[in-house]
Amino acid sequence: MSDKILEIEHLTVSFGGFRALNDLNFTLNQGELRVIIGPNGAGKTTFLDIITGKTKPTAGTVKFKGKNLRPYAEHQIARMGVGRKFQTPRVYLNLTPRQNLALACNRNKNVFPTLLQKPPTPERRTVASLLETIGLSPKADLPANLLSHGEKQWLEIGMLVAQSPDLLLVDEPVAGLTDEETERTGELLVALSESHSIIVIEHDMEFVRQIATDQVTVLHQGSVLCEGAFESVQSDPRVIEVYLGQEETEHAA
Amino acid sequence: MAANLALGGQTAETKRRSLLLEAGIVIAIALFLIVILPLLLSDFRLNLMGRFLALAIVALGIDLIWGFTGLLSLGHGVFFTLGGYALAMHLKLQIPADASSQLPEFMSLYGVTELPWFWQPFYSFPFTAVAVLMIPALLAGFLGYVIFRNRIRGVYFSILTQAATIIFFNFFNGQQKLFNGTNGLTDFQTLFGAKVNSPGTQYVYYVLTIIFLVAAYALCRWITSGRFGHLLVAIRDDESRTRFTGYNPTGFKVLVFAISGALAGLAGAMFTLQTGIISPNSMNIAFSIEMVIWVAVGGRATLVGAILGALTVNFAKSTLSEKFPDIWLFFQGGLFLVVVLFLPSGIIGWLRTEGRNLWRSVRGRNQVATYPSLEEDAEVEYERQNIGD
C-alpha cells in the first residue's frame, strides 16, 4: 500500500455551472496533520463533502487508501475509516454523551447486530475512557442538550475518535470557543495526529499557528493556491493578496 | 461496583430492579383489566374497552415509527385493515359442512362460483395468524424500502403513505366479488367452533387483546431501549449525521416501519373480532390521522403515552358522541389544538416535566435547579450537609 492515505486528482465539482472546486489536486500522507485555510467560498466545505461522499465529483478522482471513493455511499466511506466533524457541533441532543459515544463506537453498524447484540465490555470501557479524555465523565448521563457549546464540540470530537477512523476531517473545531478551550482543542488534535491522519479546516490564524506542525494548504476559488510550512505560506505574496491581505484591509476598515 | 458505575452509568442491580418494578406494574394492570374490570363494567362497555385496547396496539406501532424514528405515517389504516381482512377471511370460511353453498354468502350473491385462489390458504388458521402480521409487515417493508432508499423524508413520506391509503381504499371498495366491496366482511359465525358473538368468546378475545398489548409493549420497550433505540432517536434528530458515523439509516427505518405495520395488523385483527366487521371504511384517511392524534395526545416517544392516548381519546369519543352526537368532532379538533399549543409533548410528556415540578412545588419541595457540575462537586455537597442555613 502506498503511504498516501488520500489522493485527489483533477477534482472538479460544479453546481449548475458554478465550479465550487476546479481541477484540484491534493495528497495527504499517512499520519500527517494538514491544515487547510482559504477565504469564504474557496470550496473548503465542498472539499469535505466530496471526501465523505455527500457530494459526488463532476470530474476527477478521490482515492482513499488507494480506493476510488466514487461508488461508495456516505456510511460505507465512514466505515472505511473516514470520520467527519461538522462546523457547528452535530451531536444527538436528546441522547446523553455516553449514548452518543456508544453509537459512534459500535463496531458492527448493521441493523440486526445493533438490535440483538449487547455492547461488549471493551466498547463500554472505550466509551468510559473517552468520556474521561474529553472531560465529560460527570455529565455522562445528562441529555446532551444541556451541554455548553464547547462541551458539544468536544463530545463530537470524542464521537469521531470513538469511530476509530484512519482519517479525521475536522471543520472549524474552535469556532465559538474561548481561548482556553481553543488551546486545549489544539493540544487534543496534535495528540490525535500521532495515531491518525487529520485534515483541519480553520479560519483562526492563531490556532493554525498552534497546530500546523506539518504543511498548510491554501484553497482559493476551488483550487490549491499554494502549499508549504505555515511561515512560508504566510509570507507568500499570493496568499497575502487573496486571504491575509483581505483580512488586514478588513481590520483597517 | 464502582467500575460498573463508570461503565454503565447505572449499576446492573438498579437497572434490574427498575425493570422488575415496571414488569410488576404492567402485570398488575393487566390482571386488573382481566379480573376486576369485567365485574365493574357491563358487557357492552367491556367490549368497548377491548376494542380500544386493540387500538392501543396500533398506537404503539405509530409511536415507534413517529415518536421514536420521526417518520409521520398517515397510512397505518391500511396495515390495520389488512390485518383485519386477513382474519376476517378465515372467519368467513368457517362454513358448516352441511351448508348449501361452500362459499362466503356475498360471493354467491355476486355470482362467484369458485373460491378465488388467494382465499384458499385462509382455510388454515396458522397461515391466517402469520398473514395477520406478515402481510402488513411485508407491505410496510416494501413501501419503506422504496421510499427510504430514495431518501424521501418528512412531509413527502407522509403524503406517500396517504396516497397508499387512497389506493387501497379504492381497491377494496371496488372489489365486490373478492371482498364484498364497500360493505366489507361481517356476519362472522364461529372461530375454532366457538360462536364469535357469544359473551364468553368475546371475553376470551378481550383477554387475548390484553395479552397481545402487553407483548407489544414489551417488544417496543426492548426495541427502544439500548443502542438500537438510541439510534432511532439519532435518526429522528439528525439522520445525515448517522450516515457519517457509519450507519445506513435505510435498513433501520425499513425494519421499524415493518414492525410498526405488523403491530397495526395485529390490532386490526383483534379489533375485527370484537366489532364483528371489517370494511374499507377503516382505510379512510381520517382514521389514520386519528391514530396519530392518539399518540400526540398521550405523548410522543413515550410508549405508555401511546396506550393512554388511544384509550383516553376513544373513551372521550364514545362518551361524548353518545351524549352530544353533534359536538364530538369539535371536541376532537379542540383537543388536538390544546395538545399542540399547550402540551406539545402530550400528557405523559407533560407529567414527566412540568407536571413533576408542579407536584413538587405543591408539596412544598421546590427543587432548585443547579448546574450538574455543582451537584457532583464533593465540596459543595460537604458544605450543604455540614454548614446549616
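Placement of Cβ uses the backbone N, Cα and C atoms for every residue, glycine included.
When Cβ-Cβ distances below 8 Å are used as the criterion, the transmembrane segment (B:20-41) is approached by residues 49, 53, 203, 206-207, 210-211, 214, 217-218, 221 of the same chain, each at least six residues removed from its ends. According to TrEMBL, the transmembrane segment annotation covers B:20-41 (among others).
Residues or ranges marked as transmembrane segment in TrEMBL: B:48-68 (among others).
Residues or ranges marked as transmembrane segment by TrEMBL: B:125-148 (among others). Same-chain residues lying 6 or more positions outside the transmembrane segment (B:125-148) and placing a CB less than 8 Å from one of its CB atoms are 78-80, 82-83, 86-87, 89-90, 157, 160-161, 164, 192, 249-250, 253-255, 257-262, 264-266, 268-269.
Taken from TrEMBL, the feature transmembrane segment covers B:155-172 (among others).
Annotation comment: TrEMBL describes B:203-220 (among others) as transmembrane segment.
Beyond the transmembrane segment (B:251-271), the same-chain residues lying 6 or more positions past its ends with a Cβ under 8 Å from any Cβ of the stretch are 50-51, 53-58, 60-62, 64-65, 68-69, 71, 73, 76, 79-87, 132-141, 143-145, 148, 205, 208-209, 212, 216, 219, 223, 228, 231-232, 235, 278, 282. Here TrEMBL flags B:251-271 (among others) as transmembrane segment.
Residues or ranges marked as transmembrane segment in TrEMBL: B:291-315 (among others). Sequence-distant contacts of the transmembrane segment (B:291-315) (same chain, six or more residues past either end, CB-CB distance under 8 Å): 48, 51-53, 55-56, 58-60, 62-63, 66-68, 72-74, 76-77, 80, 213, 217, 220-221, 224, 233, 332, 335-336, 339-340, 343, 345-350, 352.
Taken from TrEMBL, the feature transmembrane segment applies to B:327-351 (among others). Using a Cβ-Cβ cut-off under 8 Å and counting only residues 6 or more beyond its ends in the same chain, the transmembrane segment (B:327-351) has close neighbours at 290, 293, 295-302, 304-305, 308-309, 312-313, 316-317, 320-321.
Below 8 angstroms of C-beta separation, residues 26-27, 30, 33-34, 38, 46-47, 49-50, 53-54, 56-57, 60-61, 63-64, 194, 259, 263, 266, 270, 273-274, 303, 307 of the same chain, each at least six residues beyond the ends of the transmembrane segment (B:203-220), sit close to that stretch.
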